[in-house]
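Everything on this sheet refers to the single structure shown next.
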Amino acid sequence: MTKSDLLFDKFNDKHGKFLVFFGTFVDTPKLGELRIREKTSVGVLNGIIRFVNRNSLDPVKDCLDHDSSLSPEDVTVVDIIGKDKTRNNSFYFPGFVDTHNHVSQYPNVGVFGNSTLLDWLEKYTFPIEAALANENIAREVYNKVISKTLSHGTTTVAYYNTIDLKSTKLLAQLSSLLGQRVLVGKVCMDTNGPEYYIEDTKTSFESTVKVVKYIRETICDPLVNPIVTPRFAPSCSRELMQQLSKLVKDENIHVQTHLSENKEEIQWVQDLFPECESYTDVYDKYGLLTEKTVLAHCIHLTDAEARVIKQRRCGISHCPISNSSLTSGECRVRWLLDQGIKVGLGTDVSAGHSCSILTTGRQAFAVSRHLAMRETDHAKLSVSECLFLATMGGAQVLRMDETLGTFDVGKQFDAQMIDTNAPGSNVDMFHWQLKEKDQMQEQEQEQGQDPYKNPPLLTNEDIIAKWFFNGDDRNTTKVWVAGQQVYQI
């Protein structure tokens, strides 16, 4: 049994067949809405949420009321409140969704010098991706990235791998073994690559078909699905894009690629594809824009391009860390949302220097503030909006919002347990800031007489904000994917 086998087996609960999670549940069902449900029980069977009871007095009874054929022995309760049922500042939050992660580039995290996109690809990116044709190197990197993203609460990831067929199959294997929900893509590039890292058109297409078949027929795991991955327009011939488009439509597969990341890149695309009206039009003309297409970056879109993306119902992966690191620009997220375009968050490792979607969300918050400084306050994103992008927004981009993103009946239970008081936590709160509602009311009455007598108390929204700005993987104590525990601190 491998180390990965042990890791996966260790955390899978084999007690009662019906799981009931009890405590405070926080999610964002709509953009701008932060839903907080205290003392709530959520029943999960076979990975699916079967009931949600607010103000629960007895989680086991809730389960037996839901299904009278059950006995107490059939029920396992995960309780983060404790016997005294007092406020402890732990809560369940939906698993994060990373819509853009170059898993193969992880060894280069933090290494980009003073480069911008195109020279960064040549100097740093292509060499490290080529190195992962070595299975031993690839296995070490993939195990690290999957484990690390899970430890940061990321339950769903769209992975870009490399042009190598064997290592892409390995990535799918390890993702299934470790229990992460993933889209796995073999990068396609048959033009404008270095001699040591490029494919011919036939090999690129046929290896993609093999990956799709391998994932669907050999891995055969509902958590692991293929995604067609033309790197970006400059690295793909017209013939290759047309072949990939037919595959996507025939097999109903996701697509992921890059769009409008860098001004020099945009000019290059215009030079390479003079028959197309814009960068977006290249993908549209060659059939790669579908409702299951994920477009990373989209910083410098024109109004016309945004209209096409909306019409084709594509989703956009906002990658604020890498956009800043490579000085690519600031994506106008509010502008996209106002047009009804789906937006999620992407770590974009390795130009993005963190595997954490929470860190990425903080950067999205900051970038929106910088945009507002030269535009209007309307460009600002709130904490709840950034958390929406990190969960439900990402699920929408990946066309998984009917099954992921919130704690609602019928959805998969992809979740993380957050403990703001975890050992070493960077989220500092003082006991006198934290009291029950009746104590808060008493204090408010006292403050009415003397506003300086007692310090202000933290609301639930305040606690979520402190976690958003100061939290990290130390606060993510457990993680579940489809009801199976896949990580424990």
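Any Cβ shown, glycine's included, is placed from N, Cα and C.
Among the candidates Asp348, Asp377, Asp401, the one that Swiss-Prot lists alongside His102, Val103, Ser104, Gln105, Arg231, Phe232, His258, Leu259, Ser260, Glu261 as binding substrate is Asp348. Neighbouring residues of the recorded Zn(2+) site, listed in sequence order and excluding His100, His102, His258, Asp348, comprise Asn101, Tyr160, Ala296, His297, Ser317, Cys319, Ser322, Gly346, Val349, Ala351, Gly352 (Cβ within 8 Å of the Cβ centroid). Annotated pair His100 (Zn(2+) binding site) and Arg231 (substrate binding site), C-alpha to C-alpha distance, rounded: 12 Å. Least packed by the Cβ count within 10 Å, out of the binding-site residues His100, Arg231, His258, is Arg231. Note: Ser104 (substrate binding site) has non-local neighbours Ile128, Glu129, Leu132, Ala138, Val141, Tyr160, Asn161, Thr162, Ser167, i.e. same-chain residues 6+ apart with C-beta under 8 A of its own C-beta. Calculated from their C-alpha atoms, the gap between His258 (Zn(2+) binding site) and Arg231 (substrate binding site) amounts to 7 Å.
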